[in-house]
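Asks: For reference, the structure I am asking about is given below.
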Amino acid sequence: MEKAGGSSSAGGSYPQKNAEILSSQYGINLFLAGLLLTFAWAVHAVGISKSHLLSYLITLMLVQLLWMLWYLCRSCTQRRLIRDKDTHAGARWLKCGITLFAVITLILDSFKIGYYIDFSNCLSPTEGIFPVTHAAHTILQVYFLWCHAKDIIQSFKTLERFGVIHSVFTNLLLWTNGVLTESKHQLNEHKERLITLGFGNITIVLDDHAPQCNCTTTTLCSIFSQGIYYLYPFNIEYHILASTMLYVLWKNIGRKVEHHQQYKTPFKFHGITIGMIFGLIVLTSTIAIVVVYLIQIGRSKIKSELALTMFYLHAIFVLALMCTAGVIALLIYRLDDRSLDNSKNPARKLDAELLVGTAAGSWLLSWGSILAIICAQAHPKYTWYNLPYSILVIIEKYIQNLFIIESIHREQEKVNDDVKTLRIVTVSRGSTLTLTPSYKEIYNGHTAQDAGELPCLFHGSICARERVGSSGDNEGTSQGGGSGMHFASEFSLCSRSSVADNKRRILKNIAAFLFLCNLSLWIPPAFGCRPEYDNGLEEIVFGFEPWIIVVNLAMPFSIFYRMHSAASLFEVNCKT
């Protein structure tokens, strides 16, 4: 009897643990089946066509649509109930970001519908049904995430686990399909450039999935076919963001949370002017470099080499600046010894794991380039710029990951015990100081500095003025020595406050600068500026097909890393 009673609490969680394991296995098998189908279509497997792949994806989206509608209807009937929320999940800036990507994804779906109409004579009906279903799926999913990304589900937990994990892997498969389609297009363009440059020692066969009929309106077909591939990077980011938000929702099912007050940390431009200016300079120059690169690459051998040299020099300069900024931030953290928040937080844990996991993609490419430079027999001049570039990519991601992970784990700054003691002593002496914030104000974070005022050292020595006012009030009751000690204590407090404020301002500028730099470095690979394809050295050392496979597997993770780092740095800037 004691054993049964003692194990009741453990038995209550046992079915939920089983449900978690079963749902995760269901999602993995769902994903593997779709991944194999995608691979079969990519390699032109016998009996597998694009319509089979699209039919599978349409079915998954329809099932997710039914589950989301059921969840929304059930939430409406229980809207009066008080629900637990995960305050760390589904931040407003993240919702705004996914909404922006979703809007561009809807434009992509409209282009696909137009493309299908123009080639309707020779395309499968599934290619027309897919963008319509995907558009409806996108609209409802964004609404669902806006309303329920923070939910901690406590009812129908087993069913909800299967519904959420189905949604996670549906988005991952849609992400995989987008990555593969975009990669095949990039590969075809790369092969065409190699033909132009006269690489006769590489067997080149274009992987053509184009319709086998004429377009009804040539101009519109050209606009749709070219526009689709420029919009794919945004579609790819949309699905990976949606899958991460849904994964956090899945991890939160049945979770017990501690109810404590969370202070909002809105983004402010105040105090980050320097970081924004340097970041915008990097962003503007990167866009210019990408435009020139895409124009020059493949025109001739000389122009291609100049384009590669220009890209490498610019990237080396930017990466060196990012490494320097990251090292400065880490040094400030070492000087500012503060404990880390190790409480259970699925969103924060996922952020850290994604940073390290997706960084492995670009690390793989960098080590491949380093090995190719070491082993190659001939070294064109521009390939030597690839060596410092590859080394800096490894170092920069290493430093940036340390900075971001430590930033999101650092506890919010707490009031020092000296501040409490000083205020209590001041009040007990009957002082009527108004310039020093009260203990309650400091504890709640509502100091004069938060209201936009300058620190004490920039107010023309506020501490000195406090001493004059207090000495006048207490002239008959206080001794000169006591007044001097009071002045020294407050001056020391203001000095420490000023130093902490300066450190915080430097960290915010570094976070803003790295945020814009990561957006800048996301642009080149996302829009076709990929020296890993055009360098040529790695393809000679490893072989054309093996190296292209490595690039196509690693590049999506490298692209996602930059966008995820930018999102994490935005959060760091708000939190600092």
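Yeah, the Cβs are placed from backbone N, Cα and C, and that goes for glycine too.
Pulled these from TrEMBL:
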- 26-47: transmembrane segment (TRANSMEM)
- 53-72: transmembrane segment (TRANSMEM)
- 93-117: transmembrane segment (TRANSMEM)
- 129-146: transmembrane segment (TRANSMEM)
- 229-250: transmembrane segment (TRANSMEM)
- 271-295: transmembrane segment (TRANSMEM)
- 311-333: transmembrane segment (TRANSMEM)
- 354-379: transmembrane segment (TRANSMEM)
- 506-528: transmembrane segment (TRANSMEM)
- 540-561: transmembrane segment (TRANSMEM)
Asks: Mark yes when the transmembrane segment (311-333) and the transmembrane segment (129-146) have three or more Cβ pairs under 8 Å (sequence separation 6 or more) and no when they do not.
Replies: no
Asks: Suppose I define contact as three or more CB-CB distances under 8 A, residues 6 or more apart in sequence; do the transmembrane segment (354-379) and the transmembrane segment (53-72) meet it?
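Replies: Not in contact, no.
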Asks: Based on Cβ pairs under 8 Å, which of the stretches 26-47, 53-72, 271-295, 311-333, 540-561 lies most in contact with the transmembrane segment (229-250)?
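Replies: The stretch with the most close Cβ contacts to the transmembrane segment (229-250) is 540-561.
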Asks: Pairs 6 or more apart in sequence, C-beta under 8 angstroms, 3 or more of them: is that satisfied by the transmembrane segment (271-295) and the transmembrane segment (53-72)?
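Replies: With fewer than 3 qualifying Cβ pairs, these stretches do not touch.
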Asks: Go through the chain and flag residues at least 6 beyond the ends of the transmembrane segment (53-72) whose CB is under 8 A from any CB in it; none is fine as an answer.
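Replies: Those are 30, 33-34, 37-38, 41, 124, 126-127, 129-130, 133-134, 136-137, 140-141, 144, 147-148, 160, 163, 166-167, 170, 173-174, 177, in sequence order.
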Asks: Who are the chain neighbours of the transmembrane segment (506-528) in space, where the CB to CB distance is under 8 Å and they lie at least 6 residues beyond its ends?
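Replies: The answer is 186, 189, 230, 233, 271-276, 278-280, 282-283, 286-287, 289-290, 293-294, 311, 315, 318, 321-322, 325-326, 328-329, 332, 400, 403, 407, 555, 558-559, 562-563, 565-566, 569-570, 572-573, 576.
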